[in-house]
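Report on the structure given below.
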């Protein structure tokens, strides 16, 4: 039986309104709910809590010491028997997709870029199912690391200061 579990990641980004010497932070709210799943995410905690995205200036420069925020996604399928196929899909092919790694926020000049935390050489494609039932993703017996690093990115040269949000649909499929 194929089970598809839709989830939604919410991201919030802040832009520095004046100078890089002024600082402010904004939380990144993320939540996932799984029902009747044979696999559990982050030890049944799902993904919740706040994650702070790096601050960027209106000229598009990241002014934080860390250039990305890691969103942990550890999928544990040890309690559910055999898992023949395990896929995760971030986003879709909607107009919110800028390219294979970048998603728009509520400001069309500001996007969020995604990459795999575990292996940066693995291609990340929004709207494409990624088979993570492979040794490269393995953390332990039937435990897989699908964590992503999220970076704010200015699409054009400058962006107006303010707070912007984005919602990224995520689907976990297991057979």
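Cβ from N, Cα, C; glycine included.
According to Swiss-Prot, the protein has these features:
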- 39-77: disulfide bond (DISULFID)
- 1-20: signal peptide (SIGNAL)
- 174: site 'Required for stability and transport' (SITE)
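Swiss-Prot feature annotations superimposed on the structure.
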| residue | record | DSSP (3 states) |
| --- | --- | --- |
| 39 | disulfide bond | coil |
| 77 | disulfide bond | coil |
| 174 | site 'Required for stability and transport' | strand |
